[in-house]
Amino acid sequence: MNVTSLSFPYGESIQWFCADNTKNLPASPLKEWLLAPGSLTQKLKGCCNEFEVRILGEGQCPPLDGEYPNQSAVWVREVLLCLDDVPWVFARTLIPQSLLSTRQADFLGLGTRPLGELLFSQDSFVPGRIEIARFATNSRLAHLAQSLAQNVEHELWGRRRYFHHNEEEMFVSEMFLPAAEQAIARLCP
């Protein structure tokens, strides 16, 4: 895996839109994946023999435009979700400092364990709304895909999922790389 042309954090400022606006969504079957209410990790695991989380970086960082405007720093975790050694999803998680100390979740000790397993295994984390974004062929996400030897021929898609814990909110952004979009149409509709 060669991602030397970029450095952590890989994320970029993104214009997200409400998933209810279906005229802006891609064609099926990718649309169903973007709007899937359950764990994306579980859905991905159903399409492969070997699932792997590759950590690109994690640590305290200032949020980007459109992310936590009232926070000066949040915990950022960026990973690749790989199926049978092929990166399918770039995921960026943002956790406010107040949630890092919760006893119900060991965010800092996740290592290569999927975050989805933690969030969907505990009733104290409630899945919330989903927002959608598209990424141009010259975006940082497209550059990341190209550094992974994935050809970016058209815009890419992603979703941002909010999770609530008591009065706190965190979110996970999951961007589908070209390999995922191609395989979803073939392997797991």
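Backbone N, Cα and C atoms are what each Cβ position is placed from, and that goes for glycine too.
For R77, L115, E174, the entry in Swiss-Prot reads substrate binding site, with the evidence type sequence analysis. Its Cβ placed at the centre, L115 (substrate binding site) has 23 other Cβ atoms within 10 Å. According to DSSP, L115 (substrate binding site) is assigned to a helical segment.
Within 8 Å of the centroid of the Cβ atoms of R77, L115, E174, where the record puts substrate, the same chain has further Cβ atoms from E78, V79, A91, R92, T93, P114, G116, V172, S173.
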